[in-house]
Amino acid sequence: MSQKFANTGSFIEREDLGKPNKGVDRVQKGFTAAYPTQSSIPYRHRRSVIPESEKRGFNSQARRFYSKKDDIPGPGFYNVIHQSLVFNSVSLSKRGTCTFPSTCARLGPIISKYPAANAYTIRSELASKKDFSNSCSSMFQLPTFIKVVKSETPAPNHYNASISICKQRNNVCARAGFLSKTPRGFVPSSEPGGPAPGHYDVNESLVRESPKVLVSCFKSKTGRGLKPTSTGPGPGYYNPNDQTKILRKSHLPKTTLLNFSAQPLPLPEKPPLPGPGQYEIVNYQGPPKHFISTASFVSNTSRWPVKSSKPTLPGPASYKPEIPGKQSFLYNEDNKWIPAV
């Protein structure tokens, strides 16, 4: 690559020999102000001088970076004063996250260019002679020639205010926002004739102190006492040591009856109720538990042995198969093999 450019540069140098350099004071082609670097491809109107160190065919070192010094300041040549980071602002755009748009107003307050309402006065010639807002309209007014009923409330000087009501009840300055207007004092009954304190009896259940026991809010009202009438036998009604009586059949009379129907039999007596020792209680624990898998898709096929309805079928160990042994054969005169006994 370097050898090719070296040969090309030497060819351009020979072609431009003896010609005056016309573009000494002008900007050469391939040179820009933004990127002041040398062009890698030479052209005809440019005189390129290749040093002897780069004319070698191999191991040539070409210049890849521009080392010309200029007056442009570098990145750290000047100081920029940045504002402090915003941490307490509601707007996320001020923090630099740019996830949500800022809620701050982008425009300042709009100041009206027109005068205010009280900044000027209207001349009397321009004002309307009749103001409809001050005129009386019969549409929204009461009839004028109807007698108005006076208020029945007393006048300020028709009653005497009680001083005790006007005084402050307590020294608390705070008052409730929704103060009740119900009087808390004693109100005498307007209907006399009620019973005196000794003319009636007070229910003692209302006066007694309730037991200090936790009581449910939904307390049952069912009575827990014994019923006065019981249909069952009492504790001493039966004897557990006595044996139960065996009912015997009643004998029919041997006298002949002249009826077409048989004589009615008496009703059997009711057997006595069993006592505490006439039956045995067995500790029944229920059917045996089988460990069954609790998978979401359990097979419905039974995994336990089921008694067969056909008892004639043999079981797994009811017979014993025997493997036949080896047999020997004899070759007879008819050229046939006969098993030997």
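Every residue, even glycine, has its Cβ placed from backbone N, Cα and C.
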Which listed span Swiss-Prot calls region 'Disordered', if the choices are 1-23, 47-69, 185-207, 254-276: 1-23
Residue distribution over DSSP helix, strand and coil in the repeat 'STPGR 1' (73-80): 0 helix, 0 strand, 8 coil
Whole-number mean of pLDDT values that fall within the repeat 'STPGR 2' (115-123): 76
